[in-house]
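What follows is a set of notes on a single structure, which appears directly below.
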Number of protein chains: 2
Amino acid sequence: MTETLEIEEQFDWLKEVLRKEDMTTFRDVFLDWHLYEEAQFYLSLDENERQKIYHFLSPYEMANLFDVIEEEHEDVKEFLAEMRPSYAAEMLTEMYTDNAVDILNQLDKATVARFLSTMKSEKVEDIKELLHYEDKTAGSIMTTDYVAIVANQTVKSALTLLKKKALTAEIIYYIYVIREDETLVGVISLRDLIVSDDEMMIADIMNERVISVRVGDDQEDVAKMIRDYDFLAVPVIDYEDCLLGIITVDDIIDVIDDEAASDYSGLAGVDVEAVAETPLKASSKRLPWLITLLFLGMSTATLISHYEVMINEASILAVFISLITGTAGNAGTQSLAVAVRRLAISDDKDAGFVRLILNEVLTGVITGLVTGAVICVVIGLWKNNFVLGLVIGIAMLCAITVANLAGSLIPMLMEKLGFDPAVASGPFITTLSDLTSVLIYFNIASLFMSFFV
Amino acid sequence: MTETLEIEEQFDWLKEVLRKEDMTTFRDVFLDWHLYEEAQFYLSLDENERQKIYHFLSPYEMANLFDVIEEEHEDVKEFLAEMRPSYAAEMLTEMYTDNAVDILNQLDKATVARFLSTMKSEKVEDIKELLHYEDKTAGSIMTTDYVAIVANQTVKSALTLLKKKALTAEIIYYIYVIREDETLVGVISLRDLIVSDDEMMIADIMNERVISVRVGDDQEDVAKMIRDYDFLAVPVIDYEDCLLGIITVDDIIDVIDDEAASDYSGLAGVDVEAVAETPLKASSKRLPWLITLLFLGMSTATLISHYEVMINEASILAVFISLITGTAGNAGTQSLAVAVRRLAISDDKDAGFVRLILNEVLTGVITGLVTGAVICVVIGLWKNNFVLGLVIGIAMLCAITVANLAGSLIPMLMEKLGFDPAVASGPFITTLSDLTSVLIYFNIASLFMSFFV
């Protein structure tokens, strides 16, 4: 994308304009940009420059820009603090309700209360409603800026109404049809609306099989639905079927991104979201996990030290410890990844619990048999000792089967217990399978000790 | 979502209707469903039942249903083969061009040629154009079913035109403005169109700063842009700025999902997409990777066997092999995950190459120092042998640093060489770091041998 370079040059040029306090030129150029570019420009400024921007742009223009800044952006708090309170409050009023709430959720209670007291009252009510919803539920990502109409009107009157609401609604491409008590009864796309005759009644052309989510549904389930149905938005209803808000596809993309990153982080045992950190900060985040695993690994070492006498008698046994623990660890990681992914995309999380685990154990037996047979032959030929080969082969079969069991069972149990299954990270499974592998290996080896010494 | 259960009951009921060949009832109920549900129902049928469906539904109705079936669905080929060829050809004609192309891409050349020869000529041209584009580029996921108008007309005439195109276009919420030579010159949202005065000229209200992607751009970059800008669609242009097609947000969600799954699969060394497989099939997919790693692991075993004499003299050394390889493997996996994620989300993949690696190595030194110090003290106290503790500690410091270097360097090199960095999978890095860890450990230990024996 060649625009990237050009944009950097434009940024530098516009900063010069800003410095010269040439408000007319600044507004001409800046407001012509796409909101995302406006936001990128704003984020590249220092506080002095930002102060100038607050003088040059209205709270409404600033609200549009803030609507596209990632709500997790660490400096948002600081930005709000440096604005005049009345300017910040007006900007929050002009923002889409869900985005304003995302920002308010990061401030302390006193600041939120101060902002709410200076904002327009109807917006305050919407915001207060959204502030209640639990994190990661449909309610927490929905917006109240939707278009709802009643069924008992013509296409023409609906279009007139739509024109009025078009500027404040977050998305106008689905129009929701409600009864007077706010019960959701239908939906009509703007596409259907504009191809329909002006005089037709909404009741006749609306789709009554409107697909909705409950306010308490998990955001992952909502993401799955929007993806499967190719929706641009989905309505959110309460437990009496009243329309509360809508969730738009752009927020769903963020959910999908976040969930993918969190599954991925789990598998690696590191938070991959914070990628641009100093080594010191990165170390401080990774160390707790590494040290925990180190102590778990110490138990493997302790276990091996119990068999030191055996190793003393047949040092050849020591040669293959890593091979067995490594292979079992690899198999366990594969099982874990499949189980976590399965839990993430499955509709019905209870069904197939036993079957998945059984399948994984069977897969473990099959891969273990093949891997065990291969290593039995290889070691038999290499060391000219087929008993040793057999010991390693059998140990590998057992270790892989157990690792597959652990890799599928542990995330399933996590899910059952209400934890995120991705927390059962790859390194944890690997270290756990090291322990069982060593136990299996030396116990099998001890049966054949007479052949090695 | 309570609908799920109800739908299953409806499915069973409708299958009964299908069996009774009650076409009127079937069409009444079936066509009232959402397309995704129609598709789910269709996918749950056996061939006999599907044959009935082909009699009950027109190729156009079937095309709508096929538009929502995942193009990767393994049975799509079979479905097409069981339809009358003329029915299948008409269905393909009626589908959105990008989806028809996705299906054709899975068939052999002779079958594609046969279909193309019986399809409507204007559609064939569109399809032939799309068939050329390389996999994973913007061209390969775009559709030609967009709405384009010229600037020199009023809002009213544009709306009239839009009504005509509304039924065949995949998305009508962005209208692209082109010159007569098809050069893309602007964009206007349907929202802006319907709030504007009927008599205004498109040229005056269109946005001339239209953001587009080139046909050869990587689909991941397109996904990133749509996510950042919150677009519902983005236009695709050729290298002379002519509009070729559009990419819609629903296809982008699939891209984001696929890329996330492929990064995740890479980290685990298993294809997690195919989750509902039989153990035999799963084994056959996992075994090549496990066996490859097994042979890589054999090199570690061979290396250890070179130090068998040392182990014979001081069997205590064998006790800590897994602890060192395991910890280094964990650290390497963390580095790998961060590097792969960084490559996936970064705009400029060249910048920061050296810095990221330097950061990772520094992080390795810091985490290695802390981990090494901890293990030195623990082992020193446990075995009452601080020289041993020191050896293990130093070995761990070196092994972690090298593992971090490998974990960040290898995916970076993959990227430079044009491979997907996610191919540098977790198990591969772990097994590689086993090898270097053992080498480091025994070399350091050999310097201190006199203290152990």
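Positions of Cβ are set from backbone N, Cα and C atoms, glycine also.
Remember, TrEMBL labels are computer predictions, not curated facts.
Taken from TrEMBL, the feature domain 'CBS' covers B:142-205 (among others).
Marked as domain 'CBS' by TrEMBL: B:206-262 (among others).
What TrEMBL records for B:287-304 (among others) is transmembrane segment. Counting same-chain residues at least six beyond the ends of the transmembrane segment (B:287-304), those with a Cβ under 8 angstroms from any Cβ of the stretch are 269-270, 311, 321, 325, 425, 427-428, 431-432, 434-435, 438-439, 442.
Residues or ranges marked as transmembrane segment in TrEMBL: B:316-340 (among others).
Here TrEMBL flags B:361-382 (among others) as transmembrane segment.
Sequence-remote contacts of a segment are chain residues at least 6 beyond its ends whose Cβ falls under 8 Å from one of its Cβ atoms, and for the transmembrane segment (B:388-410) they are 316, 320, 323-325, 327-329, 331-336, 338-339, 356-357, 360-361, 363-365, 367-369, 371-373, 375-380, 424, 429, 432-433, 436-437, 440-441, 444-445, 448, 451-452. According to TrEMBL, the feature transmembrane segment maps to B:388-410 (among others).
Here the transmembrane segment (B:422-444) has Cβ contacts under 8 Å with residues 262-263, 265-269, 289, 293, 296-297, 299-300, 303-304, 307, 310, 317, 320-321, 324-325, 328-329, 331-333, 336-337, 340, 344, 391-392, 394-395, 398-399, 402-403, 406-407, 410-411, 414 of the same chain, all six or more residues outside its ends. As annotated by TrEMBL, transmembrane segment applies to B:422-444 (among others).
Nonlocal intrachain contacts for the transmembrane segment (B:361-382), taken as residues 6+ away from its ends with a CB within less than 8 angstroms of a stretch CB, comprise 320, 323, 327, 331, 335, 388-390, 392-394, 396-405, 408.
Residues of the domain 'CBS' (B:142-205) grouped by DSSP class, helix first, strand second and coil last, total 21 helix, 17 strand, 26 coil.
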